[in-house]
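Lifted from TrEMBL, the feature list:
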ACT_SITE  Asp75  active site
COMPBIAS  240-255  compositional bias 'Polar residues'
COMPBIAS  300-309  compositional bias 'Polar residues'
DOMAIN    33-178  domain 'Pseudouridine synthase RsuA/RluA-like'
REGION    240-313  region 'Disordered'
Amino acid sequence: VLQNNDFLRNTVHRHEPPVTAQPIQILVENDEVVVVDKPSSLPVHPCGRFRHNTVIFILGKEHDLKELHTIHRLDRMTSGVLMFAKTVEVSKRIDEQVRERQLEKEYVCRVVGAFPEHEVVCEEPILVVSYKVGVCRVDPKGKPCKTVFQRLSYNGKTSVVRCLPRTGRTHQIRVHLQYLGHPIVNDPIYNMEAWGPGRGKGGKIDKTDEELLKALVEEHRSKQSLDILGISEEDLNSNAENNDCGNSSDCTKSVQADPAQENCPAKDTKDPESNGTAACLLDSDPNLETPEKNKELGSCENQDGQTGAKSWEEKDPLCVECKTRRR
């Protein structure tokens, strides 16, 4: 029973998936906006398992740019120009311009095969299969979408395509390109064998959503690249324990998260410096007494077996991810 003045502490051991070390280049900065070149693999703001390894946190920590307002977002794996407002007023003004179609977004991607030379308009509706893994597909029950595509070049194997999205659905460009039979060359979700021999062309998948998710997870697990999906072995293990996967309807629960999390409001990111320690530290306190058998202070070893002179990374013998040797 808790008594007055009792002190309760819960320490969570958590890993953020690795992201590129490529710096975020600031293209423009004035009193109203900050415009940056976002590298691939970085989420825009805290979301899912990411917190420190996000554009918002890195700009706060490395460039002292705080209280930024997100105007638009780019997929974690998409690189490109990203704009933040410095004040609420500027954010509202630009939001209005976006709503009134005064601003247009343009993307360029390299896709598999010879994309048609003429302009292609795709208006297939898109449905979210899993919020947690971040997988969508074309489905009549989905939300209405429209993307305009124009081929820029073809090198005999792949095409470079300009994409003009007229709506802003999750993974819209990637899903529409997959549907057209020209998925993005290195797409870690929509250009995978899990979708079948046609890789989802024309919306033909021949699998239930549960089977598709399972196949995608297994394919990434075999390649030791689960972090690309933003999930970990620990997530999968805990889901397996909590669900009886003999029933396929139960399996969907294990991979689907709360839809509200998809929007990932960055309301707790006002002060990136407040959590300015390295991501692997997360709440470790040198003054706390911790049983040695539960805590091994190990060194970060790289692939070549070299050991850093100083390392504060905490290794937990019970943690699945601590044991993972990343590629």
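Cβ atoms are placed via backbone N, Cα and C, with glycine included.
Summarised by DSSP class, the composition of the domain 'Pseudouridine synthase RsuA/RluA-like' (33-178) is 28 helix, 51 strand, 67 coil. Long-range C-beta contacts of Asp75 (active site), restricted to its own chain and to partners at least six residues apart, with a cutoff below 8 Å, comprise His171, Arg174.
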